[in-house]
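What Swiss-Prot records for this protein:
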BINDING   His118  chlorophyll a ChlzD1 binding site
BINDING   Tyr126  pheophytin a binding site
BINDING   Asp170, Glu189, His332, Glu333, Asp342, Ala344  [CaMn4O5] cluster binding site
BINDING   His198  chlorophyll a PD1 binding site
BINDING   His215, Ser264, Phe265  quinone binding site
BINDING   His215, His272  Fe cation binding site
SITE      Tyr161  site 'Tyrosine radical intermediate'
SITE      His190  site 'Stabilizes free radical intermediate'
TRANSMEM  29-46  transmembrane segment
TRANSMEM  118-133  transmembrane segment
TRANSMEM  142-156  transmembrane segment
TRANSMEM  197-218  transmembrane segment
TRANSMEM  274-288  transmembrane segment
Amino acid sequence: MTSILREQRRDNVWDRFCEWVTSTDNRIYVGWFGVLMIPTLLTATICFIVAFIAAPPVDIDGIREPVAGSLMYGNNIISGAVVPSSNAIGLHFYPIWEAASLDEWLYNGGPYQLVVFHFLLGISCYMGRQWELSYRLGMRPWICVAYSAPLSAAFAVFLIYPIGQGSFSDGMPLGISGTFNFMFVFQAEHNILMHPFHMLGVAGVFGGSLFSAMHGSLVTSSLVRETTETESQNYGYKFGQEEETYNIVAAHGYFGRLIFQYASFNNSRSLHFFLGAWPVVGIWFTSMGISTMAFNLNGFNFNQSVLDSQGKVINTWADVLNRANLGMEVMHERNAHNFPLDLAAGEATPVALTAPSIHG
C-alpha cells in the first residue's frame, strides 16, 4: 500500500478573504465593489431612517426659519422628508466634524449630505458590482449599462442640480411630498415640460411600460401548452429546459396582423435589446436635461410669441403654462425673497388673460 502525504494548503487570512470576496459560489456575490457598497448603503439607510423619524427642523433657506421634516415633529409618511442642508451652507462639504456641535449640524441639515453622499457612492459601487459579477460569470456587460440610467438620474437631482444652482438646499428632499415639491419648483424655474430631453424621457418611461406590457401579454398568450385545463400553466415550464416555452411565430403573426408586419420583431434577441434600450436611452436624456437645466439652460419659452395682424398677443398654451409657472414660483420660498427674480424685474405681467367688465 502506498501512502501519499499532501502538504496542507497554507493561505493567509488576506488570500482567503480575497477568495471569499470574488467567489461566485456565495449565495450573494460580494465583489470588490461590494466591499465599499455594503458599508456606504448601510450608513445611508440607517441615517435616513433615523433622520426621517427624529431629525429636528432644518433651516433650509438659511433665513432662520426651520422646516420640520421628521415624523416626531408632526409629519406623516407622505409629508415627511429628510430636509436638504441649509442655503447658508451652500455647496460646502458639511460633515459632523465641521460643525461646532451636533445641534448645529442637525439645524443646518447635515444628515441630508451624509445620506446623499453615501447613497451616491453606494449605488455607484452597485453598478460596478454588476459589471464585476458579469465579468466573473463570462456574461456581457449590458446589465450595468442599463442600470446607469437610474444612476445618472440620481446623480442629476442629488448632485449636478445643486452644483449648478449653487447650494445643496436646492437638491431633491428625501421624501414623497418633498419629491413632488422639487418637481413643481423645477417646472416653475426651468420650464422642464417644454424641454425636449424631458419629452424623450417621458417617451422612454411610458413607452417602456407599454412595450413591457405588450411583450408580457403576447408571451403569456402564446405559451406552448404543457398542462391540462385544471393545472396552472406555470407548471409547464422547467427551469433550464431547452425547448421554447412560447411560440414566437404565433406571437409575431398576431402582432404583425394587429398593427402591420414590420412592427413585429421576428428575432427574439433584437426584441429584447429594444425592450432594454428604449427606456434606458429615454432616462439618459432626462438626466442630461436635468443636468443642463441645472445651469439654467431651460426649456423652450414661447410666451407671447403668437401675434395677430395688429400686433396683439394671441394667448397660446405656452402663455397659460407661463402663468402656472409664476404661481408656483411665488409659493416657493415665500419668505426668502419678496418676489421671484422674473417678477421683480421687467414689465408687469397680467394675472388674468382677460379682465371682466363690472357694471354697477
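Sequential numbering from 1, following the chain as shown.
Quick reminder: no glycine exception, Cβ is built from N, Cα and C everywhere.
Features as recorded by Swiss-Prot, highlighted on the structure.
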{"residue": "His118", "record": "chlorophyll a ChlzD1 binding site", "Cβ neighbours (10 Å)": "20"}
{"residue": "Tyr126", "record": "pheophytin a binding site", "Cβ neighbours (10 Å)": "20"}
{"residue": "Tyr161", "record": "site 'Tyrosine radical intermediate'", "Cβ neighbours (10 Å)": "22"}
{"residue": "Glu189", "record": "[CaMn4O5] cluster binding site", "Cβ neighbours (10 Å)": "20"}
{"residue": "His190", "record": "site 'Stabilizes free radical intermediate'", "Cβ neighbours (10 Å)": "23"}
{"residue": "His215", "record": "quinone binding site", "Cβ neighbours (10 Å)": "17"}
{"residue": "Ser264", "record": "quinone binding site", "Cβ neighbours (10 Å)": "18"}
{"residue": "Phe265", "record": "quinone binding site", "Cβ neighbours (10 Å)": "19"}
{"residue": "His332", "record": "[CaMn4O5] cluster binding site", "Cβ neighbours (10 Å)": "15"}
{"residue": "Glu333", "record": "[CaMn4O5] cluster binding site", "Cβ neighbours (10 Å)": "16"}
Distance, the residue listed as 'chlorophyll a PD1 binding site' to Tyr161 (site 'Tyrosine radical intermediate') (CA atoms, angstrom): 15
Positions on the same chain near the transmembrane segment (142-156), where near means CB under 8 A and six or more residues out: 119-120, 123-124, 126-128, 130-131, 134, 276, 279-281, 283-284, 286-287, 290-291, 294
Spatially closest candidate among His118, Glu189, His198, His215, Ser264, the listed binding-site residues, to Tyr126 (pheophytin a binding site) (Cα to Cα): His118
Three-class DSSP secondary structure - His198 (chlorophyll a PD1 binding site): helix
Residues flanking the quinone site, with Cβ no more than 8 Å from the Cβ centroid of His215, Ser264, Phe265 and excluding those residues themselves: Met214, Leu218, Ala251, His252, Phe255, Leu271
Beyond the flanks of the transmembrane segment (29-46) by 6 or more, those residues with Cβ under 8 Å of it: 20-23, 114-116, 118-119, 121-123, 125-126, 128-129, 131-133, 136
Pairwise C-alpha maximum, in angstrom, for the residues (His215, Ser264, Phe265) that bind quinone according to the record: 11
Same-chain residues near the transmembrane segment (197-218), Cβ under 8 Å, at least 6 residues beyond its ends: 251, 254-255, 271, 274-275, 278-283, 285-286, 288-289, 292, 299
Number of Cβ atoms other than its own within 10 Å, given for Asp170 ([CaMn4O5] cluster binding site): 21
Rounded Cα separation (Å) that holds between Glu333 ([CaMn4O5] cluster binding site) and His190 (site 'Stabilizes free radical intermediate'): 16
